[in-house]
């Protein structure tokens, strides 16, 4: 007899890796209510606070009234609706590409795109710390997967010289790495793309709306917007909506429409969600978007500075994702529980999300946090961190 579900759950618990969801009441604000207590929220990806913006809520209600509550089927079955076309036109203009295609989630985008682009006889060069959806898409594609050391363009160059092969070649990287908050070396990746006649795909889920002069992401910040073949991003983080996109050439879009299984075999996003995403893109490019990004930068600088001054190791990044390296799973979750008792919700991150021994508190800063919120949070994190011997 094989292992039971109960056996598997007991093994997960024994390793200190059991997970469960927590119920919060109300919106994804800077402060939330959980089990009757008000908490400072320091683990949401709602970086600009748009998830509760009146303009986005109004766009949702208007679209539902005009177009109904559902898209009905896959777009290849029952057709695209006007909100699909409006959003994809807005995404292409935002990312300065010929075309764009909406997906139901970032996971669906990455798995579908990679499987559509490469297969047996092709090769994928993939950063070791890329998001799980990229790894899963690469494994499902059947292409040869070559994983290079994190952000090491020199090592990647050597691997490409030896293992490029003659098939289609795809370089894929996060733009901002979700667990470390550091940036990919996109200029170097773009040069390797040119040198080896490769496609370059960048998942900028955590840079979209936040980085660059108009929030176009890490590629805009680093000056390589036009050197990336497939820009992937999400509407569900800084843009305060749901779903994802690929911004790319018309030819590549046509290929995805015909080959990306996660697009072909899924009922598409509903009109209300599409309208929210379109409204968010307009907002982040306006003066209000500039102000929100500045507020987020200022908040991030304040919070990171306070924690660094206290002696915490925060890795190499300088974005709104602030990892506090803690070590083991049990210590990390104890730290998280004590912070919850103090009045803040900070998520502990354990394997398989991060490697064993690299557990962390993943703090995320929002534009809607006040300086007083972040100063208080840093003080309490420091107090508990010293008590636990983390710093």
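For all residues, glycine too, the Cβ spot is worked out from N, Cα and C.
Swiss-Prot annotations:
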| type | residues | note |
| --- | --- | --- |
| BINDING | 19, 131, 353 | substrate binding site |
| BINDING | 106, 107, 178, 206, 234 | pyridoxal 5'-phosphate binding site |
| MOD_RES | 237 | N6-(pyridoxal phosphate)lysine |
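Structure with Swiss-Prot features highlighted.
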residue	record	DSSP (3 states)
19	substrate binding site	coil
106	pyridoxal 5'-phosphate binding site	helix
131	substrate binding site	coil
178	pyridoxal 5'-phosphate binding site	coil
206	pyridoxal 5'-phosphate binding site	coil
234	pyridoxal 5'-phosphate binding site	strand
353	substrate binding site	coil
Legend entry - Whole-number Å value for how far residue 19 (substrate binding site) lies from residue 106 (pyridoxal 5'-phosphate binding site) (Cα to Cα): 22
Legend entry - Cβ atoms near residue 106 (pyridoxal 5'-phosphate binding site) (within 10 Å, other residues, all chains): 23
Legend entry - Residues satisfying Cβ distance under 8 Å from residue 353 (substrate binding site), sequence separation of at least 6: 132, 179
Inset, instruction - Other than 106, 107, 178, 206, 234, which residues of the same chain sit close to pyridoxal 5'-phosphate? List them in sequence order, counting a residue when its Cβ is within 8 Å of the Cβ centroid of the site. - result: 131, 133, 203, 205, 236, 237, 244
Legend entry - For residue 178 (pyridoxal 5'-phosphate binding site): intrachain residues, at least 6 apart, with Cβ closer than 8 Å: 131, 205, 206, 321
Inset, instruction - Quick one: of 19, 131, 237, which of the recorded positions has the smallest count of other CB atoms within 10 A? - result: 19
Inset, instruction - Sorry to bug you, but what's the C-alpha spacing from residue 107 (pyridoxal 5'-phosphate binding site) to the residue listed as 'N6-(pyridoxal phosphate)lysine', rounded to the closest Å? - result: 13
Legend entry - Rounded Cα separation (Å) that holds between residue 107 (pyridoxal 5'-phosphate binding site) and residue 19 (substrate binding site): 20
Legend entry - Alpha-carbon distance [residue 234 (pyridoxal 5'-phosphate binding site); residue 19 (substrate binding site)] in Å: 24
